[in-house]
Amino acid sequence: MSFIEYGDTIKDGDTAIVFLGHESMFPVKVQHGTVTQTKYGVIRHSMDLIGKKYGSKVTCSKGGWVFILHPTPELWTMNLPHRTQILYSTDISIITMMLELKPGSIVCESGTGSGSLSHALIRTVAPTGHLYTVEFHQQRAEKAREEFREHGVEHLVTVTNQDVCKNGFGVSNIADAVFLDIPSPWEAIGHAKAALKAEGGRICSFSPCIEQVQRTCLAMEEYGFTEINTLEILLRVYNVRTISLQIPDLGKAAEDNSSAGFDSSNPSNQGSPCTNLQQGAVQFKSGVPQREMVGHTGYLTFATKSLF
């Protein structure tokens, strides 16, 4: 199993996603002789999972059922164990696009955190690119290495435990893009410039506070970065519903039908607009925004390393 290569069959040692519903799913490490408890009963890994195809519908001991899904960076973002605050798909998608990442790209990242963005970056640059990710906290760095190894992507990522503001990324003039998610990104701008290729590259900094953005933009200007701009991404979800709307009785249609001798019982008149008017209501599909939405997550500041 690998997060970047789809496998058809569930194997011992795989990380799979147990899907109970859109609002209820969780990851599980598949192991011989192990059982997993759900609200629908027990899942026996040896009998119910190993050897089955991903996407299979599995019946639990109480008679309920779940789906077993192949892991993806998007599913991992929704289900990973949180060691830190994480980035979600809304911000990750714009980061990947604005940094102009593609297969073969070299990316530097700090900090690794829970690995949400890291998995998406790895899939984007695979199979010939590489991610150099720096984590200040030793235990988080060790856990990230372990997860990358279990997820079959360790050959595409190098995890370093150090302070990026003091020691940089450990590489020079090789990166196509740099991403910063640290408390004081302005202190790492110089190291980011050193890590980027001599012919230029892109940088992104994620900060929750506008004061951080201001200091980061000043540092970017000081180090000669150009095309500096800041974005905030807000996702608004709409539910598609069937709406029933009463048709107002304006009087004219009824008078016209009467004068023309309109007969609603005549099969030739069935389905006409006038029939709908006789019924007094019409149904149609409409998008209705949810009452609640995710608000501010952070500001994304992008810039380009100048060639001059």
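Using the three backbone atoms N, Cα and C, a Cβ is placed for every residue, glycine included.
Nobody curates TrEMBL annotations by hand; they come from automatic prediction.
Features of the protein shown, as given by TrEMBL:
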type	residues	note
BINDING	SER114, GLY115, SER116, LEU117, GLU135, ASP163, ASP181	S-adenosyl-L-methionine binding site
REGION	256-276	region 'Disordered'
**Request:** Ten-angstrom check, please: count other Cβ atoms within 10 Å of the Cβ of ASP181 (S-adenosyl-L-methionine binding site), all chains counted.
**Result:** 23
**Request:** Only counting partners 6 or more residues apart, tell me which same-chain residues put their Cβ under 8 Å from the Cβ of GLU135 (S-adenosyl-L-methionine binding site).
**Result:** SER110, GLY111, THR112, GLY113, ALA141, ALA144, VAL159, THR160, ASN161
**Asked** Same-chain residues six or more away whose CB lies under 8 A from the CB of ASP163 (S-adenosyl-L-methionine binding site)?
**Response** PHE136
**Item:** Among SER114, GLY115, SER116, LEU117, GLU135, ASP163, ASP181, the record's S-adenosyl-L-methionine binders - longest CA distance, Å
**Value:** 20
